[in-house]
Amino acid sequence: MFVNRWLFSTNHKDIGTLYMIFGAWAGMVGTGLSILIRAELGQPGSLLGDDQIYNVVVTAHAFVMIFFMVMPIMIGGFGNWLVPLMIGAPDMAFPRMNNMSFWLLPPSFLLLLASSMVEAGAGTGWTVYPPLAGNLAHAGASVDLTIFSLHLAGVSSILGAINFITTIINMKPPAITQYQTPLFVWSVMITAVLLLLSLPVLAAGITMLLTDRNLNTTFFDPAGGGDPILYQHLFWFFGHPEVYILILPGFGMISHIVTYYSGKKEPFGYMGMVWAMMSIGFLGFIVWAHHMFTVGMDVDTRAYFTSATMIIAIPTGVKVFSWLATLHGGNIKWSPAMLWALGFIFLFTIGGLTGIVLSNSSLDIVLHDTYYVVAHFHYVLSMGAVFAIMGGFVHWFPLFTGYTLNETWAKIHFTIMFVGVNMTFFPQHFLGLAGMPRRYSDYPDAYTTWNTISSMGSFISLTAVILMIFMIWEALASKRLVKSVPLTSTNLEWIYGCPPPFHTFEEPVFIKST
């Protein structure tokens with residue numbers, strides 16, 4: 001019975017729960033790795049040993065957080081749970097493929113962990129650039145295992161993407177058009193399209209790297225007529241859409257949370273929000289080389305990528321101002337989820353502004369590979385994606401479990417986390433402007449003060465993570481049942497009960513077209 005329910009599951013709610021648990025577990029691993037990084041950098045001098053082990057930790061931290069925490073929770077967890085409920089579908093379009101999408105992830109995670117256990121580990125950075133990732137600088141099986149891990153995670157995401165696109169297009173009741181689906185459903189569909197178009201390019205790039213390493217091909221080796229810059233183009237053609245994949249479902253969740261706790265029946269500018277997400281998704285594919293301003297591109301090429309990158313700020317601004325307009329005049333409830341959403345809007349905007357700074361190719365040549373870049377993308381990931389996940393989690397926790405969290409503790413948790421992440425990442429802007437380079441385990445004494453403060457901040461964040469685990473335990477142990485949910489007529493996922501039944505519908509849905 002247990003095996004049938006959890007290993008062979010074809011139920012979107014159970015698979016969503018599995019994704020959530022896996023993502024939370026991987027999140028603990030990723031947090032542990034980040035604490036190792038900040039412990040090493042907390043003061044000058046060496047803590048872990050040499051730079052190789054440090055870079056293995058940095059690389060693993062990135063892969064774990066991106067592929068095994070943010071994506072499984074946002075797309076696999078919230079996506080599986082909410083999309084069928086929001087469109088009135090009985091389940092996903094391909095329930096068994098859905099199960100396989102999940103079960104590809106633990107073996108993938110295992111391969112990534114194995115890569116750090118053999119030889120010296122993969123100390124390449126998450127970009128895995130050759131020639132550093134080639135078979136001379138990284139002899140041994142580590143990088144090969146990492147590549148296989150990425151292949152599995154990629155297949156999992158591609159299958160999931162096919163499933164979500166099919167579900168959202170084909171499994172709505174006939175009376176509902178695409179423009180009547182909630183924004184979270186839109187965000188997941190756009191994310192799925194991005195995954196479907198970008199992951200095959202990554203697969204091609206890392207497969208060529210695999211053959212360069214093991215079969216004596218020279219795709220990325222100038223000695224045989226190859227070019228390492230080709231790898232960078234292939235990687236970033238995936239890598240840039242990937243960062244939008246990480247944030248788009250968060251946009252969808254924030255839209256729902258802000259609308260709900262403003263007491264509004266719909267978000268401000270629904271069509272504008274949809275258009276903005278589609279624009280961001282499209283533009284995300286034509287700006288990849290802004291990660292490569294330092295490789296020596298023509299000035300006109302740099303001018304194009306600078307301009308195209310800046311254009312992305314426009315649809316992003318549409319979203320930010322629409323969220324603020326949704327708040328305007330609303331009966332605002334200062335719930336924990338609302339605090340996360342407001343924190344998201346504020347901090348994501350700061351991350352976006354530093355992104356505009358970096359989009360200037362001339363400035364980026366100075367700031368590339370410094371802590372300014374680290375600060376920028378952690379503002380949009382550690383305070384964008386993670387705040388969206390936390391907001392979505394405390395908002396929908398009663399739906400998933402049928403129990404309520406302690407609201408006071410949830411607010412305290414938000415406060416600790418808010419202070420921690422800002423104390424960790426705000427000083428890194430100063431370090432970057434002062435020229436401290438990324439991916440080094442040690443630094444000149446001049447950088448000590450800000451690094452020490454940054455490391456203190458990371459331990460405050462760790463406290464928040466531990467408090468969250470306790471909060472979840474407390475809620476599941478206390479079993480405070482959900483009494484009532486307001487605004488269900490415009491928030492369809494809540495109308496089936498808390499939690500909804502194992503099989504949402506006993507018979508096909510009928511929705512009268514208006």
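Think of each number as a place in line: the chain as shown, counted from 1.
Placed from the backbone N, Cα and C atoms, the Cβ positions cover glycine too.
As recorded in Swiss-Prot, the features of this protein are as follows:
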TOPO_DOM  1-11  topological domain 'Mitochondrial matrix'
TRANSMEM  12-40  transmembrane segment
BINDING   Glu40, Gly45, Ser441  Na(+) binding site
TOPO_DOM  41-50  topological domain 'Mitochondrial intermembrane'
TRANSMEM  51-86  transmembrane segment
BINDING   His61, His378  Fe(II)-heme a binding site
TOPO_DOM  87-94  topological domain 'Mitochondrial matrix'
TRANSMEM  95-117  transmembrane segment
TOPO_DOM  118-140  topological domain 'Mitochondrial intermembrane'
TRANSMEM  141-170  transmembrane segment
TOPO_DOM  171-182  topological domain 'Mitochondrial matrix'
TRANSMEM  183-212  transmembrane segment
TOPO_DOM  213-227  topological domain 'Mitochondrial intermembrane'
TRANSMEM  228-261  transmembrane segment
BINDING   His240, His290, His291  Cu cation binding site
BINDING   Tyr244  O2 binding site
TOPO_DOM  262-269  topological domain 'Mitochondrial matrix'
TRANSMEM  270-286  transmembrane segment
TOPO_DOM  287-298  topological domain 'Mitochondrial intermembrane'
TRANSMEM  299-327  transmembrane segment
TOPO_DOM  328-335  topological domain 'Mitochondrial matrix'
TRANSMEM  336-357  transmembrane segment
TOPO_DOM  358-370  topological domain 'Mitochondrial intermembrane'
BINDING   His368, Asp369  Mg(2+) binding site
TRANSMEM  371-400  transmembrane segment
BINDING   His376  heme a3 binding site
TOPO_DOM  401-406  topological domain 'Mitochondrial matrix'
TRANSMEM  407-433  transmembrane segment
TOPO_DOM  434-446  topological domain 'Mitochondrial intermembrane'
TRANSMEM  447-478  transmembrane segment
TOPO_DOM  479-514  topological domain 'Mitochondrial matrix'
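Overlay of Swiss-Prot feature records on the structure.
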residue : record                     : Cβ neighbours (10 Å)
Gly45   : Na(+) binding site         : 10
His61   : Fe(II)-heme a binding site : 20
His240  : Cu cation binding site     : 23
Tyr244  : O2 binding site            : 21
His290  : Cu cation binding site     : 22
His291  : Cu cation binding site     : 22
His368  : Mg(2+) binding site        : 19
His376  : heme a3 binding site       : 24
His378  : Fe(II)-heme a binding site : 20
Ser441  : Na(+) binding site         : 20
Those binding-site residues listed as Glu40, Asp369, and which of them has the most Cβ atoms within 10 Å of its own Cβ: Glu40
Cβ contacts the transmembrane segment (141-170)/the transmembrane segment (51-86), at least three under 8 Å, sequence gap 6 or more: yes
Within-chain partners of the transmembrane segment (336-357) [C-beta distance under 8 Å, separation at least 6 from its ends]: 247, 250, 254, 257-258, 260-261, 309-310, 313, 316, 320, 323-324, 363, 367, 372, 375-380, 383-384, 387-388, 390-392, 394-395, 405, 407, 410-411, 413-414, 418, 421-422, 429
Proximal residue to Gly45 (Na(+) binding site) among binding-site residues His240, His290, His368 (C-alpha distance): His368
Which binding-site residues sit within 10 Å of His368 (Mg(2+) binding site) - Cα, from Glu40, His240, Tyr244, His378, Ser441: none
Rounded to the nearest Å - Cα separation of His378 (Fe(II)-heme a binding site) and His291 (Cu cation binding site): 16
Mean per-residue pLDDT computed across the topological domain 'Mitochondrial matrix' (262-269): 97
Residue pair His240 (Cu cation binding site), His376 (heme a3 binding site) - Cα distance, angstrom, rounded: 14
Check: same-chain CB within 8 A of Na(+) site center, minus Glu40, Gly45, Ser441: Leu41, Gln43, Pro44, Ser46, Leu47, Leu48, Tyr54, Asp442
Cα-to-Cα gap, His61 (Fe(II)-heme a binding site) vs the residue listed as 'O2 binding site', nearest whole Å: 19
Nearest-integer angstrom distance between the alpha carbons (Cα) of Tyr244 (O2 binding site) and Glu40 (Na(+) binding site): 30
Candidate binding-site residues His290, His291, Asp369, pick with smallest Cα gap to Glu40 (Na(+) binding site): Asp369
